[in-house]
Amino acid sequence: MDLEALRRCSALHPKPAGLALQYGTAGFRSRAEQLDHIVFRMGLLAALRSKAVTATIGVMVTASHNPEEDNGVKLVDPLGEMLHPSWEEYATQLANAEEQELQKVITEICQKAEVNLHKDASVFIGRDTRPSSKKLSQSVIDGIQVLGGQYHDYGLVTTPQLHYMVCCQNTQGQYGKATLEGYYEKLSKAFMELIKQSHCSGENQKHLKIDCANGIGALKLSEMKPYFPQEMVIHIYNDGTKEKLNHLCGADFVKVHQKPPGGLDMKPNERCCSFDGDADRIVYYYKDTAGHFHLIDGDKIATLISIFLKELLAKVKQDFKMAVVQTAYANGNSTRYLQETLKVPVHCVKTGVKHLHHKAQEFDVGVYFEANGHGTVLFSKSAETKIRQLVKEEKDDEKREAAKMLENMIDLINQTVGDAVSDMLFIEAILALKGLTVQQWDALYTDLPNRLLKVQVADRRVIDTTDAERRALTPPGLQEKIDALVKKYKLSRAFVRPSGTEDVVRIYAEADTQENADALAHEVSLAVFHLAGGKGAPPQP
């Protein structure tokens with residue numbers, strides 16, 4: 001390690017006094033002007049991680065659905081998955097080290113993680129369309145180069161595309177070609193193979209309106225358009241030419257406000273969807289003839305995918321274990337429908353993509369979606385091998401055809417991470433193959449009315465939870481109070497959990513009517529305020 005070069009280069013990316021940030025599920029996120037030293041140091045960390053695991057690591061500069069003034073950075077591990085938890089700690093230590101401690105912290109990481117500094121390092125870099133992203137990714141490159149690492153800068157890509165490239169590179173091309181063309185070709189080929197089997201429905205079934213949140217999704221969808229078959233007509237809105245990123249649009253806006261995005265003109269019964277700012281989340285929606293807005297969120301996406309996969313798995317007659325993984329935020333009626341009607345096992349885990357992904361890896365076919373629209377499907381190595389073998393060798397026509405569909409599904413879904421483009425094609429293929437309209441999809445089950453609230457507290461750590469965050473262990477008496485309140489309403493449940501980033505407690509309640517869900521959420525928020533050290537005035541109904 002050239003200490004003089006490190007000192008010189010680090011001085012060009014000084015750490016603001018008193019700033020401390022923590023690496024979480026989304027990496028680091030903050031105002032863009034506070035991030036220069038962080039991204040430089042994440043360049044250093046990516047080089048160290050690459051040397052430690054002898055593989056290519058990814059660095060993505062994005063703040064997803066945050067406002068345009070923010071930015072962020074996250075690392076991608078060798079198989080396209082999220083950074084290993086032990087290295088999340090190293091990321092936080094390195095980011096918050098004072099200038100004069102930097103070399104010492106790097107040396108400590110090298111000792112703890114057994115990093116050989118003489119090994120080669122290889123890093124892939126991507127960025128979103130924020131005005132600050134280009135300069136920040138140059139700072140990442142500075143960090144990689146100080147430690148003698150090689151890099152490939154993909155420039156403007158969606159977050160899932162970078163995850164995909166890293167996985168392709170480290171599987172020596174088994175997962176696909178580590179280029180944008182490779183990504184477009186693999187997905188479009190699988191999509192076309194699938195819809196060949198569909199009995200083409202009416203003209204309006206072809207059309208899909210897509211709100212791209214004024215982000216990277218618009219650029220990449222436009223690039224991909226020539227690869228799509230004529231059966232798919234996409235109309236791109238909020239393409240970033242006029243308005244600000246994520247402003248009054250995007251998947252997060254639509255989910256939170258339960259209304260259509262600005263900049264998209266919806267006619268009754270038209271199928272529409274929204275990506276988020278870095279295109280790793282998707283939600284669908286439509287307006288009925290009476291003008292009412294209907295949201296189809298991650299829970300309903302997981303349900304549609306599960307129905308389709310379950311039918312195909314039954315046809316191939318293999319003993320594959322399939323399950324759906326949800327968090328406590330999943331609507332109670334989606335869980336009921338999956339378990340009772342579809343007879344698919346459902347597992348509940350803590351909030352955060354890494355928990356869902358980890359649990360889904362335990363099954364031959366693991367479907368996971370957060371209600372916010374982030375999710376994917378994972379196929380175990382053995383299930384994938386068996387399916388590809390059936391395509392080649394199976395004599396029975398029905399079995400072979402079902403296996404062929406599953407094989408195309410495996411190639412169409414981005415198994416590294418939730419991917420709005422890949423998920424959209426997956427959903428469009430299923431709707432076409434099953435001849436379903438967006439209204440029929442929506443009618444599978446009716447969501448229970450629910451309400452999300454938050455209460456400001458002096459210290460969020462006073463709340464500790466268990467049972468995948470569905471029960472509060474502390475403060476004393478809070479869970480008993482929630483249990484008593486829940487008993488007052490039909491089909492009701494409620495839970496509280498501390499925010500991962502700020503001193504607030506998040507409250508979720510659902511019940512048989514919106515009025516009851518609102519009342520329950522309010523009563524639970526008062527209980528939190530009084531028992532968990534609420535700040536300011538008590539919550540008002």
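Every residue gets a Cβ built from N, Cα and C, even glycine.
Counting every protein chain shown, the number of other Cβ atoms lying within 10 Å of the Cβ of Ser64 (active site, phosphoserine intermediate) is 26. According to TrEMBL, the active site, phosphoserine intermediate annotation covers Ser64.
Every protein chain considered, the tally of other Cβ atoms within 10 Å of the Cβ of Asp276 (Mg(2+) binding site) stands at 32. What TrEMBL records for Ser64, Asp276, Asp278, Asp280 is Mg(2+) binding site.
According to TrEMBL, the feature substrate binding site maps to Glu370, Ala371, Asn372, Arg497, Pro498, Ser499, Gly500, Thr501, Arg506. Neighbour list (Glu370 (substrate binding site), Cβ cut-off 8 Å, at least 6 residues apart, same chain): Gly298, Thr327, Tyr329, Thr351, Val353, Leu356.
For the coiled coil (388-415), the model's average pLDDT works out to 96. Feature annotation from TrEMBL assigns coiled coil to 388-415.
Counting residues per DSSP class in helix, strand and coil order gives 17 helix, 14 strand, 19 coil for the domain 'Alpha-D-phosphohexomutase alpha/beta/alpha' (51-100). The annotation domain 'Alpha-D-phosphohexomutase alpha/beta/alpha' is assigned in TrEMBL to 51-100 (among others).
Marked as domain 'Alpha-D-phosphohexomutase alpha/beta/alpha' by TrEMBL: 103-166 (among others).
Under the heading domain 'Phosphoacetylglucosamine mutase AMG1', TrEMBL lists 178-283 (among others).
TrEMBL lists 297-435 (among others) with the feature domain 'Phosphoacetylglucosamine mutase AMG1'. According to DSSP, the secondary structure content of the domain 'Phosphoacetylglucosamine mutase AMG1' (297-435) in residues is 81 helix, 20 strand, 38 coil.
What TrEMBL records for 452-525 is domain 'Alpha-D-phosphohexomutase C-terminal'.
Across the domain 'Phosphoacetylglucosamine mutase AMG1' (178-283), DSSP classifies residues as 38 helix, 16 strand, 52 coil.
Packing against the coiled coil (388-415) from elsewhere in the chain are residues 80, 160, 163-164, 186-187, 189-191, 193-194, 197, 309, 312-313, 315-318, 376-379, 422-423, 425-426, 429, 433: each is 6 or more residues past its ends and has a CB under 8 Å from a CB in it.
In this chain, the domain 'Alpha-D-phosphohexomutase C-terminal' (452-525) does not touch the domain 'Alpha-D-phosphohexomutase alpha/beta/alpha' (51-100); fewer than three CB pairs sit within less than 8 A of each other, excluding pairs fewer than 6 residues apart. Across the domain 'Alpha-D-phosphohexomutase C-terminal' (452-525), DSSP assigns 24 helix, 26 strand, 24 coil.
When the recorded positions Ser64, Asp276, Asp278, Asp280 are ranked by how far their Cα is from the Cα of Gly500 (substrate binding site), Ser64 comes first. Within 10 Å of Asp280 (Mg(2+) binding site), as judged by C-alpha distances, the recorded positions found are Ser64; the full candidate list was Ser64, Pro498, Arg506. A contact between the domain 'Alpha-D-phosphohexomutase alpha/beta/alpha' (103-166) and the domain 'Alpha-D-phosphohexomutase C-terminal' (452-525) is absent, since fewer than 3 of their C-beta pairs, 6 or more residues apart, lie under 8 Å.
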